Amino acid sequence: MKRTPTAEEREREAKKLRLLEELEDTWLPYLTPKDDEFYQQWQLKYPKLILREAGSVPEDLHKEVQEAFLTLHKHGCFFRDLVRIQGKDLLTPVSRILIGNPGCTYKYLNTRLFTVPWPVKGASTKYDEAGIAAACQTFLKLNDYLQIETIQALEELACKEKSNIDAVPVCIGPDFPRVGMGSFDGQDELDIKNRAAYNVTLLNFMDPQKMPYLKEEPYFGMGKMAVSWHHDENLVERSAVAVYSYSCEGPEEESEDDPQLEGRDPDTWHVGFKISWDIETPGLAIPLHQGDCYFMLDDLNATHQHCVLAGLPPRFSSTHRVAECSTGTLDYILQRCQLALQNVRDEADNGDVSLKSFEPVVLKQGEEIHNEVEFEWLRQYWFQGNRYRKCTDWWCQPMTQLEGLWKKMEGVTNAVLHEVRREGVPVEQRNEILTAILALLTTRQNLRREWHARCQSRIARTLPVDQKPECRPYWEKDDPSMPLPFDLTDIVSELRGEFGTLPWSA
């Protein structure tokens, strides 16, 4: 079943088409460090983009981080994601792994990634290999370092804005003197720290030589893209993003820009920036050498788009983010499940439940949570196969727990349907219940069909065994352990037919 694009997706696609139409056969201008006006343009139009050159990062940290990347790669911990874009399943050219606070998730392109926990104080995590444990510890150390650097950069930016000056450098080399930025009141200081409170890092890997096809950058003619133009999703508003880049060539092999070459050097990895939907301001293509870091501060991620332009060597990156986790942690979804199940009075040995209330608002909330845990958590997790077991078993017990709570919610739905069908229920009460639940049951049926089809798709069948999508929860029609069938078509049709006078379209 093809998903209908959201209004936001349709608007974004329309903007893209309009921009391409305006361009016709011409390229927009962009600048590289070879251009005289490059740094001036960066300062004027991209002041919230900061580059820390590799020489300004401690050498021992470089060594640890680069070893950690290679260790995770050796253990097969990077995975290409089967993502959903405008109703189509696509395999990302970049392989990824999410590391971060225990129980956190990060959602992008309709895909929820689950953290391999880094070893924060008070948490106990069992890793499959000692090398994986050491790597997670290293990325926590890098996170702490980048957090300090980000706070410094945000303070510099705030001072610049307060003083109304343009003196803050956008590119900082190893000899740049780090000076105190003066005083901030408590609220300003807290705000800056919160905007740098990275709770996850999304690690990326790509070897361009093993990718038979990469898209060409469509607006500026910048060459092959590893990652298309985008805003990073699912972040706390105005929070920073910090990126550590590691391309695998040795320092002696790094290519210097050829002054005779027009545009960016295609052998070198770059990050591209442009102001969203602006065809007047030149874009930037910033070369990324081994160990360089860049920072997107304040609202830059909202007002600008960025892309990653492929070079020749394999490249890793660690992208540190303040993920918007208000609805994306294990604690959150467990609390939601408990809220839904507060309406259960008793549960019999055979799984039948009795409910405390048939108030429509209570039933609607329960069915909403039922859908949330099934489609935002269980199916998202199992769609990624057994990939997380390569690193840790941290999510195994929580997923078993969530599945048990979800199964109780199946019993709740069954109890609601029994009430709807019970003789003697006043027509008005029956209609109120149906108005509360039928749209949610219809959504559940449609999404189950969609997820089942995604798991069976041709592209899903090409994945390695440990990454093959699993349609879970799934059960056959005559499974005695389940109160309701997997396929709700007949139930939805029955309810619609029996109560067809209700305004279901609403």
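Start at 1 and count along the chain as shown; that gives each residue its number.
Backbone N, Cα and C atoms are what each Cβ position is placed from, and that goes for glycine too.
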Given Swiss-Prot lists H230, D232 for Fe cation, the same-site residue among H75, H306, H320, H370: H306
212-223, 452-463, 488-499 - the one Swiss-Prot records as region 'Loop L1': 212-223
Among Y294, Y332 - the residue Swiss-Prot places in the same 2-oxoglutarate site as N204, R315, F316, S317, T319, R321: Y294
Record-annotated substrate site (Swiss-Prot): member among R80, R96 besides Y108, H230, H231, D232, E233: R96
Residue distribution over DSSP helix, strand and coil in the region 'Loop L1' (212-223): 0 helix, 1 strand, 11 coil
From Y108, D232, R315, T319, the binding-site residues whose CA lies within 10 Å of that of H306 (Fe cation binding site): D232
Spatial neighbours of R96 (substrate binding site) among the binding-site residues Y294, R315, R321 [C-alpha, 10 Å]: none
For H231 (substrate binding site), the one of Y294, R315, F316, S317, R321 that lies nearest, given that the binding-site residues are compared by Cα: R321
Between Y294 (2-oxoglutarate binding site) and E233 (substrate binding site), the C-alpha gap once rounded to whole angstrom: 18
Structural state of T319 (2-oxoglutarate binding site), classified by DSSP into three states: strand
Max CA-CA distance, Å, over listed substrate-binding residues R96, Y108, H230, H231, D232, E233: 17
